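Marked as transmembrane segment by TrEMBL: 37-57, 64-83, 122-139, 146-166, 172-191, 203-228, 240-260.
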Amino acid sequence: MLKRPTSTATAGPGPVPTIIPTPTEWEVLGEAGHRTLWVMFAIMLASSAIFTLLSWNVPTSRRIYHVLTTLTTIIATLSYFAIASGHAASYNCTTVTDIHKHVPDTYHEVCRQVYWARYVDWALTSPLLVLNLSLLAGIDGAHTLMAIVANLITVLSALFAAFGSAGTPQKWGWYAISCISYIFVLWHVGLHGSRNVAAKGNAVSKLFSSLAIFSLAVWTAYPVVWGVVLDHKTNVDTEILIYAVLDTLVKPFFGLWLLVSHRALVETNIDLGGWWSNGPASEGRIRIGDEE
């Protein structure tokens, strides 16, 4: 007797794999970073007040170091206030690909805070620091100007790279331009400064060498940290903390070192009479007894 074949149920299609797209990631400062910004604002403000008091009894004609140093911390004070109050930040967003095995790839954005006020600060204050070192060493105007321009290119290229897309040739191209420009700053200030400062005596030479090595070493740390930040290797709070330490060293600490040493070394004096001390009306002024 033949058995009737039994019917078998046909397996239906299984569940369709689905995935929820990753939402946008926001890399922003936390409470630690916010506190650090306000602490730095207080440090820069106090430093500006101290540098102003140090210049109180210094004749105007010999106050150039005090003016440059005080302007440096005043600009930094405004920059940190702007960042801490939330008025000087933008976002640089990068599209990231999420690779999946059984479904099509998806994409999401990673947006990191970029504090553009920091670059405005550096563009204004780092030339003042370069000018301080150039005046101390007696570097001629041509090399001083070239060092300042190279410094500006360094900062502006860094700004352009900060807003570039991660991993793109353009972003790292701007980073390379920034680093190359910084080498020119080292060359103009370090090489020509060490040659010229010898004419001012051994004491000034030692002071310049110490200040130059210290400041150029700290400045070199900026592009290193910036390159790490550029590739999203650290969070925003850590970035703020590292830059805060570097800013403290190269601005208040450097400024105090320079002004205290300048007061003790007569050879560092730069007597700027005429327009600097008395205004344009003093130029060409005829005094009694000058004419014969």
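The first residue you see is number 1, and the count goes up from there.
In case you wondered, yes, glycine gets a Cβ from its N, Cα and C as well.
Sequence-distant residue pairs (6 or more apart) of the transmembrane segment (64-83) and the transmembrane segment (146-166) include fewer than 3 whose Cβ atoms are under 8 Å, leaving the two stretches without contact. If you look at the transmembrane segment (37-57), the same-chain residues 6 or more away from its ends with a CB under 8 A from one of its CBs are 29, 63, 66-67, 69-70, 73-74, 76-77, 80-81, 83-84, 240, 244, 247-248, 251-252, 255-256, 259, 263. Within the chain, the transmembrane segment (203-228) has long-range Cβ neighbours (under 8 A, six or more residues past its boundaries) at 126, 129, 133, 136-137, 154, 158, 162, 175, 178-179, 182, 185-186, 189-190, 193-194, 197, 234, 239, 242-243, 246, 249-250, 254, 257-258, 261, 265, 267-268.
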